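**Q** Please read through the structure below; I'll follow up with questions.
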């Protein structure tokens, strides 16, 4: 063992000498000893160590000198006559002053002729005798015995060094000189092994070439017997090839990432000269939760999400939570008040016992042993008490609707009596003929009218017409921990921090005649209100049903934001994980092919797309500003990269004469509104969001200790300013929704917002944690699932027909990233070709023809090669993404079901909006579970008829009828054409196998099929049969003539 240090000695070290011959790099690790004169003498055998391989280039971990301690067998050779007469002292101090690390050992130099002498507190060795420290057999110095007798150790890692003790009295060396830690990155990029990625890319290119030759062969070899069938199949196949290219090309460079939470704590939460008390130097985070309808988004679900946020493992004083209630419902307001009250005991309980799952409903319903890894003896008692408190909390939440109705009814009757009494006084003791009209208000618990939506809507108190509401339900926490005390009525929180983060309820003002822009408008209101109240430089947005499954998820994301180069990251997207999905995942609700495949691949380009929830934004990037550094990608395929020029703020007279060639997204935002407080907060948020400047390679950083000051408490003028910025008129004549904040104009505002950031040159990161960061719910009912897909596809069609089309992107967008965004806007149009292709097997069976003239060897070889390469590509994609074969097949099945139903309807709706200006409305996805409490998947079997079922049902019935007709005609024909029959039946069964989950969804539980399914199936079957009989009879008549 040796003593290691990264501190440079005052004298010249060996590492500062000339590099080795042949241009090899200098030796990275050298072993040396300090002499009495202070020089360092090398012990290394190879001064020309070659590190040109893995450790070549600049690396801050390996360039240091190892200094060996002066043990009895490692003493400087000193001529006794010269050195003793000189009386010179070594750099490490004189022999008499040199102490050992524990017992004050005094070492005297061993002369070359006089022998060695060492005085210790426990043993004295004379040099004229044979040393007892020599091994009896080998005669070597016994290091272990010397360490035992002196109670010393080699090196610094496990040695005792009293505080303030120097390495020799007359030296400036101390323990800190030997404990200098190298700079550590907070994240690491893990590339996919070349053994997987190289064959994956090669197979993609092989399949691309085979597709080109196959389509060329198909075009050059038409089917003269059925040119119309051949023509339709060619068009569909060409489109499918283009769609496959748009989907597979962005997957050329998938990567994985990992974070170092220990390094994050060392940098931001350990005592240092800039942070002597070890307070958190992490930036603030504002968490947004959005809800709109308490009937479809139950308050109990939202309350559990809020509780998991308030209990997150992040500095309490740096965390703030906001909920946006776009329906202004008093039920949500009072549920949040109950949640904050319950959080006062739930949050300290989680901290005391280090609870990982901090959603109380999920925690108390988990199947694992709750006592595992719990060391406190009072855990079982505390958990039992907390479970009882949570049950009472649920009763209060579920009883709120009835309590609000009773309270409002009682107060309204009292108000009616007062109004009648006053009317009698004014009318001489009798009621007026027209009666007394008192509005039936909804009342809060303090006896004041609710300013939001009333139970009986009226003017100024209904959805779309109500005042703005902002209520801070938990104040700004103190900067120092507040320790709890033992309490007989509650839990014993002695030594536990009982603070909870700030929480605010926000409902923006809504008035008739204003376009409130749905969820995007609500998010922008939260951005402005939070900038006034807390101004966290980072924003995490969650849906009301997505809770913290990993209490350290914020820290995981902060590693990327605070790492070197993190100032160029606009957002961190976490994968979406879902609970309550049926075990077979019938409708591909987990969507792992997208979240573990496509998104992971985009992380190797410019970053993943924003998918609406579980995303941590940089506030400064959300304001529409450009990144501090960016690149431009020129050429047809973006192969030429250059540094993007720095854009300057244009003068007032230059704003009208800007170059027409500049992209509009590259202009700087200017119109934020008339709030001076908000405008002043922009620069503060930008500065606080910078990485820590603790290394020379960190650009655009901030000094350590810059975020240690406490937040000022909120006052009335600040809250009044926050209410003003959520008014419905604030965005007039501003750039909110156009360049600033969430972008308006699409029902999928999330994708557009992320696209605009990438278009400015920002990068995003995909953060896949070992333990899922967040978990939520997804609709398992077929109708709800299709409506959800319909909304996503409709937004994609809107993107395609808007200025956010990737064809119009700037030069700062990477080529493959542009391809990915093109695919986002184009994929719904595949529905036209998919529906056509699903009818082709039935048409082939009806007419007795096929898409090719005959099933010759060329066609079968092409078909086999394309299928095999696609299978191999899928298997390799499974290897680097971690998805399963069953998940891949479920995704393929629902691609056809959604493509023939929701995607087709989305394209029609999008075309109607573009051509006729018909606005698109969508249904809010329900977050409530099924009504059957005994069956967690009862909603899966419920059949809710929708018009989206018509096209898949038609395809299903026609293909079944076609198989029956094709088999009958072939069996009873004089010259049966089995090849064409097998070809048509193969493709028909391919269609039917993809529609199998759709059939199960129609059957419901125990085969209870809705009547409309029988009616529609019968109509389609009869129509097809009559049409086929008519066509065949005409053909026979023509043949007889």
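Cβ atoms here come from the backbone N, Cα and C positions, even for glycine.
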**Q** Choose the correct range: of 794-819, 820-845, which one does TrEMBL annotate as transmembrane segment? Give that range.
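**A** Among 794-819, 820-845, the range TrEMBL annotates as transmembrane segment is 820-845.
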**Q** Under 8 Å between C-beta atoms and at least six apart in sequence, can you list the same-chain neighbours of residue 326 (active site), or say none if there are none?
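**A** In sequence order, 290, 291, 292, 507, 508, 519, 522 meet the Cβ cut-off.
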**Q** So how many other Cβ atoms are close to residue 519 (Mn(2+) binding site), meaning within 10 Å of its Cβ?
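**A** Result for residue 519 (Mn(2+) binding site): 20 other Cβ atoms within 10 Å.
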**Q** If you measure residue 543 (Mn(2+) binding site) to residue 750 (active site) at Cα, how many Å is it?
**A** 12
**Q** For residue 750 (active site), which residues in the same chain are close in space, meaning a Cβ under 8 Å from its Cβ, but six or more apart along the sequence?
**A** 610, 611, 612, 615, 742
**Q** Tell me, how many other CB atoms lie within 10 A of the CB of residue 543 (Mn(2+) binding site), whichever protein chain they belong to?
**A** 23
